[in-house]
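Engineer: Let me give you the structure first, and then I'll get to my questions.
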Amino acid sequence: MPTNEPERLWTILEILQWTISFFKEKEIEPARLTAEVLLAHTLKKDRLHLYVNHDEPLTPAEREAFKALIRLRVQGTPTQYLTERQEFWSMEFAVAPGVLIPRPETEHLVEAAIERAKPLEQPAIADIGTGSGVIAISLHKELPHAAISASDISEAALNIARRNAETLFPNGHRIAFVQGDLFAPFAGQCFDLIVSNPPYISTEEYAGLSREIREHEPPTALLAGAEGLDVYRRLIADAANYVRPSGWLLFEIGNTQAEAVTRLCQENGWTVEQVIKDYAGLNRVVAARR
Ligand SMILES: C[S@@+](CC[C@H](N)C(=O)[O-])C[C@H]1O[C@@H](n2cnc3c(N)ncnc32)[C@H](O)[C@@H]1O
């Protein structure tokens, strides 16, 4: 946005057009959507407002606030950390630096869990490494009678997850949020389903991720040792103590990890009954049973 133009009033359309071409030049993709989302956020309106009111001018304060967001986005801050929102399972979740931005692929894990829990009268489910709470909260929405526990090692993540549950279910919910290392908060408990999207990025893969991810998303949510299998290894080794005899272990996996995770399951007395692919045709979820 050209500076030193104190007198000039920019309309919504003009400022969007300028920002879209600036984002394209800076290789911020998708340029139009990013510009619209950030401008709508600045104006505290939805995106439709931008179309309906395209000839409305921005106030100088709005223009300055928008400029600040453009600057941060171009410097690498993910759009979701600027708007502090991400949609998942048709709900708006709060996110913030310190918690992973939920990815759409994780909805396949939620689907797999619903399919298995639905026939049960009162399923007990644990979501390990809940982050912003998307998995636990989506399961609560679809399975209101389930007893759901959600854990994370990060207190910052749990605070956001709790806040999301309270905002999305203002009349109360049945999710127990607990802090701790993997199964540590669940001593003596048994579940029908253990669901987890754990950290699964290898050291090598991590080095190849975009700067946007490496410099802004929490490494503890992503990194899992040399092969990316460290957390699966620990979860699978201990799971039998926390899963009922006919219960399920459901993991999101990296697209190259199906074989290795299946082997870990077999070595620990679990049978992988299904490997579910995502919409891109990549292996995404492993469902194992004792
Ligand atoms: C890949 S993120 C998934 C977050 C969320 N479930 C989602 O799908 O968007 C992994 C989460 O596991 C948590 N985590 C990492 N190591 C953990 C551990 N040892 N015990 C419990 N949680 C852990 C991280 O803090 C992070 O929130």
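Cβ coordinates are placed from backbone N, Cα and C, and glycine is handled just like the others.
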Engineer: Going by TrEMBL, Gly129, Thr130, Gly131, Ser132, Gly133, Asp152 bind S-adenosyl-L-methionine; tell me which of Asn53, Asn171, Asn197 is listed for that site too.
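Structural biologist: The record-listed residue among the candidates is Asn197.
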Engineer: Around Ser132 (S-adenosyl-L-methionine binding site), how many other C-beta atoms are within 10 angstroms of its C-beta?
Structural biologist: 26
Engineer: Is it possible to list how many residues within the domain 'Methyltransferase small' (121-204) are helical, extended or coil according to DSSP?
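Structural biologist: Taking the domain 'Methyltransferase small' (121-204) as a whole: 28 helix, 23 strand, 33 coil.
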Engineer: Using a Cβ-Cβ cut-off under 8 angstroms and a sequence gap of six or more, which residues of the chain neighbour Asn197 (S-adenosyl-L-methionine binding site)?
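Structural biologist: In sequence order, Thr106, Leu109, Gly129, Gly131, Ile135, Phe251, Glu252 meet the Cβ cut-off.
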Engineer: Which residues, in sequence order, are found in the same chain with Cβ within 8 Å of the centroid defined by the Cβ atoms of Asn197, Pro198, Pro199, Tyr200 at the substrate site, excluding those residues themselves?
Structural biologist: Gly129, Ser196, Ile201, Ala221, Leu222, Ala224, Val231, Tyr232, Phe251, Glu252
